[in-house]
Amino acid sequence: MGLISADNPWVFISGLLGNISSLVVFLAPLPTFIRVCKKKSTEGFQSIPYVVSLFSAMLWIYYAYVKTGAFLLITINSFGCVIETLYIALYITYAPKEARIFTLRILLMLDFGVFCAILLITHFLAKGSNRVQLLGWISVVFATSVFAAPLSIIRQVIRTKSVEFMPFYLSIMLTLSAIMWLLYGIFLKDLYIAIPNVLGFIFGMLQMVLHAVYRKHKTVSEDVKLPEHCVDVTNVSTVTDSDDHRVPETVSSSEPPQVHDHRMIGMTCKSQNYQRDQRDKIMDSPNPNPNLLGTCEA
């Protein structure tokens with residue numbers, strides 16, 4: 001099959017526009033990683049979206065290869081594999097030790113282990129159209145998770161009431177990319193390509209709505225660093241290390257703190273006993289002189 005279908009040229013047109021818009025989406029994190037390289041710090045960014053995005057691109061390449069006739073799906077996802085691998089390499093270079101180890105584990109488990117398992121299962125256990133269907137549904141699941149990745153950004157926008165971390169042009173390109181690939185799937189009569197892009201379209205529209213709501217709010221200062229994120233796999237929850245640096249509560253009091261030192265108490269008692277003996281001697285003398293008396297507080 002050629003690049004341009006004689007039966008339906010809209011397949012090529014929508015696929016080409018999908019490639020262009022997806023290219024912009026893939027390059028969107030580039031300014032972030034340029035800043036990471038300059039500051040030599042990941043500044044709390046997570047690596048999971050990039051690892052999952054790489055895995056999804058690998059799956060779509062395999063799906064397009066098995067299905068045949070979806071060359072434009074191979075071109076953009078091949079570029080996606082290259083750029084996502086670069087992002088992950090930079091993240092591992094500048095991330096803290098714990099985040100670096102976590103990223104390497106997820107990378108080996110998902111992008112190598114799970115992908116190899118899918119490759120073997122679909123190759124030996126499924127044949128013909130069944131292989132395409134099985135691989136298609138697997139690709140839909142992981143593509144949906146990639147489109148769901150902007151949920152973390154959406155949550156941050158709602159929390160900070162600032163769209164600083166969600167550029168408007170990126171929301172437009174995400175929505176446009178979802179529309180183009182949705183049309184590509186429809187024209188190609190491929191349900192597995194169309195389904196996840198419906199969700200991508202919804203998230204893109206949601207981001208543009210948030211831009212309309214929060215565009216006039218004050219932006220967050222760049223000097224404020226985001227806390228590093230640690231993902232608790234058992235609870236599937238995100239924990240920040242700021243909890244480890246909580247300032248303990250203080251009790252205000254007009255009295256100075258009491259220091260309990262047994263050695264100081266013993267020395268004080270001996271001093272008081274000595275002063276009391278000296279006072280008794282002075283008072284028992286024939287001519288007692290009160291000026292010689294000191295003070296001794298119990």
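Including glycine, each Cβ sits where the backbone N, Cα and C put it.
Noted in TrEMBL for the protein shown:
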TRANSMEM  12-36  transmembrane segment
TRANSMEM  48-65  transmembrane segment
TRANSMEM  71-94  transmembrane segment
TRANSMEM  106-126  transmembrane segment
TRANSMEM  132-154  transmembrane segment
TRANSMEM  166-187  transmembrane segment
TRANSMEM  193-214  transmembrane segment
_Would you say the transmembrane segment (193-214) and the transmembrane segment (12-36) are in contact under the rule of three or more C-beta pairs closer than 8 Å, pairs 6 or more apart in sequence?_
no
*Looking at 48-65, 71-94, 106-126, 166-187, which one has the highest count of Cβ pairs under 8 angstroms to the transmembrane segment (193-214)?*
166-187
*Please figure out which one of 48-65, 71-94, 166-187 racks up the most CB pairs under 8 Å against the transmembrane segment (106-126).*
48-65
*Tertiary contacts of the transmembrane segment (166-187) (same chain, 6+ residues out, Cβ under 8 Å)*: 8, 10-11, 14-15, 17-18, 21-22, 24-25, 28, 72-73, 147, 150, 153-154, 156-157, 193-195, 197-201, 203-205, 207-208, 210-211, 215
